[in-house]
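Chemist: Pasting the relevant annotations from TrEMBL:
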{"type": "TRANSMEM", "residues": "A:35-54", "note": "transmembrane segment"}
{"type": "TRANSMEM", "residues": "A:60-77", "note": "transmembrane segment"}
{"type": "TRANSMEM", "residues": "A:89-106", "note": "transmembrane segment"}
{"type": "TRANSMEM", "residues": "A:112-133", "note": "transmembrane segment"}
{"type": "TRANSMEM", "residues": "A:140-158", "note": "transmembrane segment"}
{"type": "TRANSMEM", "residues": "A:190-213", "note": "transmembrane segment"}
{"type": "TRANSMEM", "residues": "A:220-238", "note": "transmembrane segment"}
{"type": "TRANSMEM", "residues": "A:250-266", "note": "transmembrane segment"}
{"type": "TRANSMEM", "residues": "A:273-295", "note": "transmembrane segment"}
{"type": "TRANSMEM", "residues": "A:301-320", "note": "transmembrane segment"}
{"type": "REGION", "residues": "A:325-351", "note": "region 'Disordered'"}
{"type": "COMPBIAS", "residues": "A:326-338", "note": "compositional bias 'Low complexity'"}
Amino acid sequence: MRQAKNGPTPGESALDRGAGCRQFGVQVLRGQAQVAFLSSVPAGLLFAVALFAAGWEYGLYAIAGTALGTATSRLLGADRERVSTGLEGFNACLTALCFAVFLGAGHLSTALLAAAGCVVVTVVTAAVVNLLGVWNLPSLTLPYCLLASAMTTAAPGFERIWHHGDGLAALTSAATGPTSLGFSDLWHGFFTGFAQIFFMPQWYVGALVLAALLVASRRAAAVAGVGSLVGILSAWALGAPAAQIADGTMGYNAILVMLALCGVFLEAGPRTLGYAVVGAFTATAATSAMAAVFAPSGGHMFTWPFVLTTFAFLAAARSFPELRTSAPSPAAPEPMSAGALSAQPPAPQAP
Amino acid sequence: MRQAKNGPTPGESALDRGAGCRQFGVQVLRGQAQVAFLSSVPAGLLFAVALFAAGWEYGLYAIAGTALGTATSRLLGADRERVSTGLEGFNACLTALCFAVFLGAGHLSTALLAAAGCVVVTVVTAAVVNLLGVWNLPSLTLPYCLLASAMTTAAPGFERIWHHGDGLAALTSAATGPTSLGFSDLWHGFFTGFAQIFFMPQWYVGALVLAALLVASRRAAAVAGVGSLVGILSAWALGAPAAQIADGTMGYNAILVMLALCGVFLEAGPRTLGYAVVGAFTATAATSAMAAVFAPSGGHMFTWPFVLTTFAFLAAARSFPELRTSAPSPAAPEPMSAGALSAQPPAPQAP
Amino acid sequence: MRQAKNGPTPGESALDRGAGCRQFGVQVLRGQAQVAFLSSVPAGLLFAVALFAAGWEYGLYAIAGTALGTATSRLLGADRERVSTGLEGFNACLTALCFAVFLGAGHLSTALLAAAGCVVVTVVTAAVVNLLGVWNLPSLTLPYCLLASAMTTAAPGFERIWHHGDGLAALTSAATGPTSLGFSDLWHGFFTGFAQIFFMPQWYVGALVLAALLVASRRAAAVAGVGSLVGILSAWALGAPAAQIADGTMGYNAILVMLALCGVFLEAGPRTLGYAVVGAFTATAATSAMAAVFAPSGGHMFTWPFVLTTFAFLAAARSFPELRTSAPSPAAPEPMSAGALSAQPPAPQAP
């Protein structure tokens, strides 16, 4: 039975091989879905559709990246339950996408480097899981943020992989431009926030992402919708330029924070909803800080505001008994209640 | 009896309500005093007087910030002893002050944002306490440093809160200007170092802060005075421009490090005094490093040199038995011996 | 017998004093050798010869720095086994060298500041060992990286210690210049990679460093040679300018990562060799990222790519049973198997 852990061995029958392939496919689609804390196969499929709608090369990079990350973690003998619920795939999915967007999807150098990135991010994921285990915190998209930040700051130093001329390092200056929101900005911003989770700027990609959430869990979709609105309202109230709100850059971190703090890592309820709204506001304000911090080295904020805000609010929640109506099991360092959101509940995670 | 934890409940008599208000007032004044590791009510009062002397709006921001932070932590059900000794108030005090100084105290947007900052810094404080608990390190002013750094780098990206035109992001250049210290620089620097703990540049504000220390504990005042001198001498020896020494920017981190390492977290004595002097020198040198690190993103060093130096010297102290004449109890992750410095000894902290 | 811990006491005979001096000399030479994970006296001697070959002042700074760091840790009562195996000396060695190179070895201010740096780095080493102990990770050269980064960013702010005119803060721009490697670039790069571990750019210094590795352990020398090649090949494949490869800046982190992941902290074998090659590639790519991150504040990458990559790959290794053919003892937070590489096996480390 041990062989089953790392996929079919040469001696197995064609039937077993077929089952192994199907199992791997399920793991890859769940890996896609875990970008939004889901381990639902239909949601993973819809996410893939959304990315193919944005551009076939992005769909391909995402699927291939998730597959490569999942395969690497199996090869290295990673925890079986983590692989099975897709937790070993989503950082590779985002890493591959980010390499495609930043370095140009059409270059052979980008494809090779993205493949290397997916292998390395699997190692970094294991490292982050072990390091954060001390605090019983989930790894979220931190592995991807580390890899993506390293890549964007490193790339201009290498001539074979950087095809955009000058580097991106620059000092930020104060925001300018109109801040009043029209209806078009508003609804564009609402949907593009969902698309920006995958780095895409099209509103219809965001609509498909929201549809995937709806398919997997109505509550998750509702919470995410509130997150998108909180992001837009916070950015408007603080005075972000309307163009930044319309293109979704002020919304995706708020969406992810809302999902994490109201339903995934803290039980959904009126108190955690309020707590998550404060978190989503904080992440939106932090967006501008992260942009300023990464700009001088040519980096990008990615999902750093979400990751850092969620770490703070999760670590803090332990001191606030008012939020702990039913605390998540301390043995689960990763989206435990993700199962609750998914159409196909995964096996419980090994401690 | 449980209700007492979160203040008076509707059913209580007017007498109880009065007691609750007085208790809250004591917590707020102790919160002010904890900026300098004291939990003394008279010291908190004198700190408030010092800030009102600098400008009534600063006094108001500080008091209101401390009150809001204390109230938020009570609302969220934070540890009762932490609230009672003022440990839930001082980061909010500094956060509100910092927002007032950097964004302009007179704007409505500043007041609203400072209020939001005081709520968020309470959450961040709980997070930092839980995260640093792994190493049994105190949270110091780290929560405030995180919030303040995020705010200063984020603010220029939002047009409704930033009223100063251009952003502050810039590369540092080598220091210039005379380095020889006159007597006027010297005594100004000695007092302004105390004022800069609260972000203020006036020597008489610093004199009032020193007076508050003296009222609470003669030893603490003496140690802090040595710290101010070490900061001035270190900066002069390294060749900092005299203007920077005179305005106190080279001294406040040294004062805080001396207090932390000689009397608050390590027992005062000849060995820890020497150790703290090395720490104060290190923090003074680190001041210039932090300024260079934060400049490109438009940030400010705040009390980062103090926080990082104190973490290093406290974590290291465990390996040096020569310093452990009488180690502080491992159950106290926050200024334990602060009680020794305070006029009104707080109840012992819950583990 | 307790006195022996901190060297000879006044009452001891001349014979004991001689033995104490010889013991201290051995500790200093082992401290030099620990820069490359060795605790071999002959290797330490050869490293010193290499540095004297680069310039007598560098040899002197390195020896004096190691001696001062070792003496400080003994004075503070640090763990005897750590002192004895040289683990308390190598960060001071690198710190002194780095101060000499960056601030100019000939200035009195540099010598005084380097001495202060060696004292402070000993404290920082103790702190880092205690903080990383939570994850059972070795401290590597992290203490030195912290001190060196603080110094390079701080120095231009102080007129008495900075003699180079303008500061170094600058934004990075995209790489330019030929990327095709000639034979001269190749063999220069191979050897200068070893020299750059000690900040030196001469190929013959690197050859002496490699010779020292060969004297202490043939396997370590072979692994390090592979590391230098992986660094060169990775940099060439990514498109680093040939000049950067020839001067060794793309190689030294790869060498150190290979040593750490294949023989020192993970048992050498075909699987860890492959794992270490991926690590060496990652560190080489990270070199460019670190350069971009530190440039705006005038910092330098030092051995940050090695430190961060090794932390990630070591922390991750625990999740990959395929790599744990024979895991190092969890009780040893520092180079355990360094003994295996050294001519004179040190006593086993205290837990």
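The backbone N, Cα and C atoms fix where each Cβ goes, and this holds for glycine too.
Where the annotation comes from TrEMBL, it is an automatic prediction and has not been curated.
As the structure is a computational prediction, the values presented were derived from the model and not from experiment.
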Chemist: What residues elsewhere in the chain lie close to the transmembrane segment (A:60-77), defined as a C-beta under 8 angstroms and at least 6 residues from its ends?
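Modeler: Here the qualifying positions are 5-7, 24, 27-28, 31-32, 47-48, 51, 83, 86, 88-97, 99-100, 105, 114-115, 118-119, 121-123, 125-126, 198.
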Chemist: For the transmembrane segment (A:140-158) and the transmembrane segment (A:190-213), does the number of C-beta pairs under 8 Å, pairs 6 or more apart in sequence, reach 3 or more?
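Modeler: Contact criterion not met.
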Chemist: Please work out whether the transmembrane segment (A:190-213) lies in contact with the transmembrane segment (A:273-295), by counting C-beta pairs under 8 angstroms that are 6 or more apart in sequence and asking whether there are at least 3.
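Modeler: Output no: the transmembrane segment (A:190-213) is apart from the transmembrane segment (A:273-295).
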Chemist: So which residues does the transmembrane segment (A:220-238) touch in its own chain, when a touch means Cβ under 8 Å and the partner is 6 or more beyond its ends?
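Modeler: 36-38, 179, 181, 186, 189-191, 193-194, 210, 213-214, 244-245, 250-259, 262-263, 268, 273, 276-277, 280-281, 283-285, 287-288, 341.
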Chemist: Could you tell me whether the transmembrane segment (A:35-54) and the transmembrane segment (A:301-320) have 3+ CB pairs under 8 A, leaving out pairs under 6 positions apart?
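Modeler: By the criterion, they do not touch.
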Chemist: May I ask for the residues of the chain that lie six or more residues beyond the transmembrane segment (A:273-295) and have a Cβ under 8 Å from a Cβ within it?
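Modeler: Sequence-remote neighbours of the transmembrane segment (A:273-295) are 149, 153, 169-172, 175, 223, 226-227, 230-231, 234-235, 238, 240, 249-251, 253-258, 260-262, 266, 301, 304-306, 308-310, 312-313, 317, 323.
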Chemist: At a C-beta cut-off of under 8 Å, are there same-chain residues at least 6 beyond the transmembrane segment (A:250-266) that contact it? List them, or none.
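Modeler: Residues 36-37, 138, 140-141, 189-190, 192-194, 196-197, 219-220, 223-224, 226-228, 230-232, 234-235, 240, 244, 272-273, 275-277, 279-284, 286-287, 303, 305-306, 309-310, 313-314, 317, 323, 328, 335-338, 340-341.
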